[in-house]
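A.B. asks: First, the structure itself, so that you have it in front of you.
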Amino acid sequence: MFLLMIPLFSYLAAASLRVLSPNPASCDSPELGYQCNSKTTHTWGQYSPFFSVPSEISPSVPEGCRLTFAQVLSRHGARFPTPGKAAAISAVLTKIKTSATWYAPDFEFIKDYNYVLGVDHLTAFGEQEMVNSGIKFYQRYASLIRDYTDPESLPFVRASGQERVIVSAENFTTGFYSALVADKNPPSSSLPLPRQEMVIISESPTANNTMHHGLCRAFEDSTTGDAAQATFIAANFPPITARLNAQGFKGLTLSDTDVLSLMDLCPFDTVAYPPSSSLTTSSSTSGGSKLSPFCSLFTAQDFTVYDYLQSLGKFYGYGPGNSLAATQGVGYVNELLARLTVSPVVDNTTTNSTLDGNEDTFPLSRNRTMFADFSHDNDMMGILTALRIFEGVDAEKMMDNTTIPREYGETGDDPVNLKEREGLFKVGWVVPFAARVYFEKMVCDGDGNGEMVQSEEEQDKELVRILVNDRVVKLNGCEADELGRCRLDKFVESMEFARRGGDWDKCFA
């Protein structure tokens with residue numbers, strides 16, 4: 001772990017050049033996220049860029065209520081492929097180029113395509129996603145800033161220690177302070193604004209880090225997600241593979257995993273900016289506003305198969321389908337409870353007691369009302385599972401590893417019956433690139449939809465609400481009202497699994 005002091009003025013200088021001008025892709029905005037070619041781009045599972053998920057309950061602050069606390073838990077922005085995925089993509093492209101004796105017209109671009117994507121790092125598109133996220137966080141929670149010259153009024157930031165996560169936190173901060181300066185227009189005498197601290201927590205294999213799994217041996221050895229995906233691929237990919245082999249090329253035979261790698265190129269090539277290939281045609285990517293030509297090789301139904309495959313992997317690998325997934329999120333939940341209740345962290349799982357016991361690295365002052373944490377999709381899945389967010393998902397009906405349920409829809413923007421949607425899990429709704437979970441506390445008077453607040457004594461009771469990518473999720477186990485909120489004390493009680501340490505003992509059995 002190390003503590004990084006961030007000079008905010010340097011962020012603002014960069015932001016003035018890049019952030020406050022209109023986004024060149026009009027279908028991508030801080031408010032609604034990525035809406036470009038949504039019938040395709042919203043079916044890329046965890047590789048979808050962030051998009052605002054429609055909510056059955058209004059995400060606005062209810063009338064008569066006032067926010068008292070806001071925390072965001074965010075995934076990093078769009079990135080290049082991981083080393084393993086990059087190797088698989090490179091291998092299938094090499095296989096095609098060295099073996100194909102004929103290309104169908106729609107496939108001919110591959111002959112001249114040079115694979116030059118980076119590995120693991122954030123793309124420029126992903127950086128802009130995080131800038132947009134910071135802008136949105138400011139716009140939503142500016143009311144919590146008492147005095148922008150007071151560091152305690154500004155978000156306290158933590159990041160898990162991988163480079164793309166750190167850079168995401170930096171870009172989020174750029175967006176946040178750019179929006180603040182544009183809104184407040186502070187006099188030059190007040191600039192630069194107070195220096196802010198960002199805590200960066202190591203991801204080394206032995207490090208206690210609530211935003212990065214790695215300590216629980218039994219969980220790390222689990223293969224449930226891989227097994228579910230392998231079964232699904234065997235049952236659903238052969239028709240796609242057969243079509244590409246029959247219609248796309250001559251001289252080679254693609255395997256199901258080859259086809260999966262080509263499908264992976266659709267999102268990764270789209271979010272690579274500047275354009276990742278030597279193509280100069282209009283079909284090449286442009287900051288994500290145009291689809292990669294690899295997307296055109298597949299149908300909408302193909303991408304539904306792809307999307308469901310990604311959902312299976314996350315559900316059974318890092319979510320409720322893995323018996324130890326919730327335990328991986330216990331440490332973070334206990335940190336959240338400490339912040340919500342302004343009390344010391346009580347946990348014996350993944351928390352770092354040195355950091356969490358120090359006011360400089362884990363402040364618990366009542367004056368601190370804004371927090372921002374940055375992590376990965378797999379870790380966010382464990383945290384959301386520990387928060388009981390997925391308890392309404394009917395795994396037997398909705399997460400079959402051979403057949404896509406009818407309720408899943410055909411494309412990313414298909415309307416879904418709200419009653420059916422309550423039991424549905426789509427990973428793109430939960431942990432896309434630049435995903436964000438908002439944790440809110442609010443107080444309400446007796447007139448503003450605060451039906452739970454009736455007596456004068458109860459008017460001081462705080463309510464807790466959680467939004468996942470702008471969708472209000474109705475909390476489980478704490479007597480949630482019709483607006484999805486629970487009393488703070490009831491919410492704390494409902495986190496009994498986390499408060500007792502989950503099943504941490506099973507990690508080393």
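Counting begins at 1 with the first residue displayed.
Placement of Cβ uses the backbone N, Cα and C atoms for every residue, glycine included.
Below, the features straight out of TrEMBL:
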ACT_SITE  HIS76  active site, nucleophile
ACT_SITE  ASP377  active site, proton donor
DISULFID  CYS65-CYS444  disulfide bond
DISULFID  CYS216-CYS507  disulfide bond
DISULFID  CYS266-CYS295  disulfide bond
DISULFID  CYS478-CYS486  disulfide bond
SIGNAL    1-15  signal peptide
A.B. asks: How many other Cβ atoms sit within 10 Å of the Cβ of CYS295 (disulfide bond)?
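C.D. replies: If we count other Cβ atoms within 10 Å of CYS295 (disulfide bond), we arrive at 22.
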A.B. asks: Which one is it: of the disulfide-bonded residues CYS444, CYS507, which Cβ has the fewest other Cβ atoms within 10 Å in this structure?
C.D. replies: CYS507
A.B. asks: Could you list the residues of the same chain, at least six apart in sequence, whose Cβ is under 8 A from the Cβ of HIS76 (active site, nucleophile)?
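C.D. replies: When sequence neighbours closer than 6 are ignored, HIS76 (active site, nucleophile) has LEU122, GLY126, MET130, GLN162, ARG164, VAL165, VAL167, SER168, PHE374, SER375, HIS376, PHE433, ALA434 within Cβ distance under 8 Å.
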A.B. asks: Starting from the Cβ of CYS486 (disulfide bond), draw a 10 Å sphere and report how many other Cβ atoms land inside it.
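C.D. replies: Other Cβ atoms found within 10 Å: 23.
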A.B. asks: Rank the disulfide-bonded residues CYS216, CYS266 by the number of other Cβ atoms within 10 Å of each Cβ and report the first-ranked residue.
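C.D. replies: The most densely surrounded of these disulfide-bonded residues is CYS266.
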A.B. asks: Which one is it, among the disulfide-bonded residues CYS216, CYS266, CYS295, CYS478, CYS486, that lies nearest to CYS65 (disulfide bond) by Cα separation?
C.D. replies: CYS486
A.B. asks: Including all protein chains shown, what's the count of other C-beta atoms within 10 A of the C-beta of the residue listed as 'active site, proton donor'?
C.D. replies: 19
A.B. asks: Using Cβ atoms only, which residues of the same chain lie under 8 Å from CYS478 (disulfide bond) while being at least 6 residues apart in sequence?
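C.D. replies: Listed in sequence order, they are VAL464, CYS486, ARG487, LYS490, PHE491, GLU493, SER494.
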